[in-house]
Amino acid sequence: MENQTREGDMLLLEGLKVTPQSSIPAFILLLLIYIFIMVSNISLVVLISTERSLHQPMYLLFCNMSINDAFGVSTIIPRLLSDAFTPISERSIRYIDCVVQAFASHFHAGTSHSVLMVMAFDRYVAICNPLRYATIMTLRMVVRLSAGAWLAAFISVAILMGLSIRLSRCRRVIFNPFCDNASLFKLSCESLLYNHIYGLGSAVLILGSSMCSVTLTYLRIALVCLTGKNKTLNSKALQTCGTHLAVYVIMLTMSFTPMIIHRRPEWADSGKVASILFFVIPPLMNPVIYGLQCKELRLKIFSVFHRNRFKDGKSFHK
């Protein structure tokens, strides 16, 4: 009886489909990408936390994105790495672990949208209402907005996963590189009406509110900058907003690409690879884009490297 229960709790996970000859190159590539994402994002969080001159709302809000990116990639890549040399027919995962991974992946996606909406609001206040910026975007407000962004995503995903784990299971194979909500409810033979209604409704609400709020916010910002008289400030504001928009467009592209590809059966395997890119490309690009485009952040990064090289030079001469 115990063995039957244990077998019922085990699922077969397809994982990343690569040929045996490609296993080592794929493993090395994923490992290097994972290390770069973790080091770059965590380093930015540490830099912003330790440098008092960077204790500004924009950079503090950016810490949310870096933490979320490090969290998101850690929910997917380590599992793919651990299964890289395991034959597809032997890859297994416990049901509870699959649920945790599905929850974490959707939580990361939801938080990505909500954090970028908060960052767009911060730029809106800074550019369209600069005289009141300091009184509106206080440390307390930044904490409230950050907590609200994470909490909204958490509640939305908790309901989504609750609807899936209530279902009984009649299958035990996950035809996906990782566990997500769709993979879980496809294990059931029961009616999935409520799952589809809530899943579609929440996706439309999150994507719709995200796209509308960001679009309207930056249109308003662009209008203010184009009609403003201070060319230097307007140029700086547009550059900062361009950085945010680049990050947002990359995230949206990575969100919609798997949805489009999945509609073509002959592109099924490509769609599975594309679904991983959402957890890889934005976390890979975000620290690079912000580090290079934000002047204050770029100068601090260079000063830290210069300081470390100077210390190493002194210790070498000693």
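Here the Cβ of each residue, glycine as well, is placed from N, Cα and C on the backbone.
Summarising the annotation, TrEMBL assigns domain 'G-protein coupled receptors family 1 profile' to 40-290. Sequence annotations record features per position, and here TrEMBL assigns transmembrane segment to 24-48, 142-165, 197-219, 240-261, 273-292.
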Message = Looking only at the recorded stretches 24-48, 197-219, 273-292, which one has the largest tally of CB-CB distances under 8 Å to the transmembrane segment (142-165)?
response = 197-219
Remark   = Per the Cβ under 8 Å criterion, with at least 6 residues separating them from its ends, the transmembrane segment (24-48) contacts 16, 18, 54-55, 59-60, 62-63, 66-67, 69-70, 73-74, 77-78, 80-81, 84-85, 280, 283-284, 286-288, 290-291, 297, 300-301, 304
